[in-house]
């Protein structure tokens with residue numbers, strides 16, 4: 001193989017590897033989003049100091065003194 005052919009092959013391999021890595025980084029973002037959703041406190045659950053309420057909910061105190069994550073009013 002001559003120099004031009006080697007250069008083209010190297011360019012194609014680099015493009016393929018770059019595409020694979022880009023796909024993996026998107027996958028990592030999805031997995032991290034899933035992980036964040038798992039560790040948040042869902043609606044109608046007691047508020048926890050270690051885990052914030054999930055998006056769309058907020059911590060509200062009840063008459064019994066316990067705070068619960070409740071859905072936000074629109």
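Even glycines carry a Cβ here, placed using N, Cα and C.
Taken from Swiss-Prot, the feature signal peptide covers 1-22, and the record attributes it to sequence analysis.
Of all Cβ atoms in the protein chains displayed, 11 besides its own lie within 10 Å of the Cβ of residue 39 (site 'Important for the neurotoxic activity'). Taken from Swiss-Prot, the feature site 'Important for the neurotoxic activity' applies to 39 (among others).
The local packing around residue 54 (disulfide bond), expressed as other Cβ atoms within 10 Å of its Cβ over all shown chains, amounts to 18. DSSP assigns residue 54 (disulfide bond) to coil, not to a helix or a strand. For 40-54 (among others), the entry in Swiss-Prot reads disulfide bond.
According to DSSP, residue 46 (site 'Critical for the neurotoxic activity') is assigned to a strand segment. The site 'Critical for the neurotoxic activity' annotation in Swiss-Prot covers 46 (among others).
Under a cutoff of 8 A between CB atoms, and with a sequence separation of 6+ in the same chain, the neighbours of residue 59 (disulfide bond) are 47, 53, 67, 68, 69, 70. According to Swiss-Prot, the disulfide bond annotation covers 47-59 (among others), on the basis of similarity to another entry.
Neighbour list (residue 51 (disulfide bond), Cβ cut-off 8 Å, at least 6 residues apart, same chain): 39, 40, 41. The disulfide bond annotation in Swiss-Prot covers 50-51 (among others).
The annotation site 'Critical for the neurotoxic activity' is assigned in Swiss-Prot to 50 (among others). Around residue 50 (disulfide bond), no same-chain residue at least 6 positions away in sequence has a Cβ under 8 Å from its Cβ.
The annotation site 'Critical for the neurotoxic activity' is assigned in Swiss-Prot to 51 (among others).
Neighbour density for residue 53 (disulfide bond): within 10 A of its CB lie 22 other CB atoms from the protein chains shown. The feature disulfide bond is assigned by Swiss-Prot to 53-69 (among others), with similarity to another entry given as support.
For residue 66 (site 'Important for the neurotoxic activity'), other Cβ atoms within 10 Å of its Cβ number 9. In the three-state DSSP assignment, the secondary structure recorded for residue 66 (site 'Important for the neurotoxic activity') is coil. Annotation source Swiss-Prot lists site 'Important for the neurotoxic activity' at 66 (among others), citing similarity to another entry.
Per Swiss-Prot, site 'Critical for the neurotoxic activity' is recorded for 68 (among others).
Of the recorded residues, residue 66 (site 'Important for the neurotoxic activity') and residue 46 (site 'Critical for the neurotoxic activity') place their C-alpha atoms 7 Å from one another. In the three-state DSSP classification, residue 59 (disulfide bond) falls within a strand. Between the CA atoms of residue 46 (site 'Critical for the neurotoxic activity') and residue 54 (disulfide bond) there is a gap of 12 Å.
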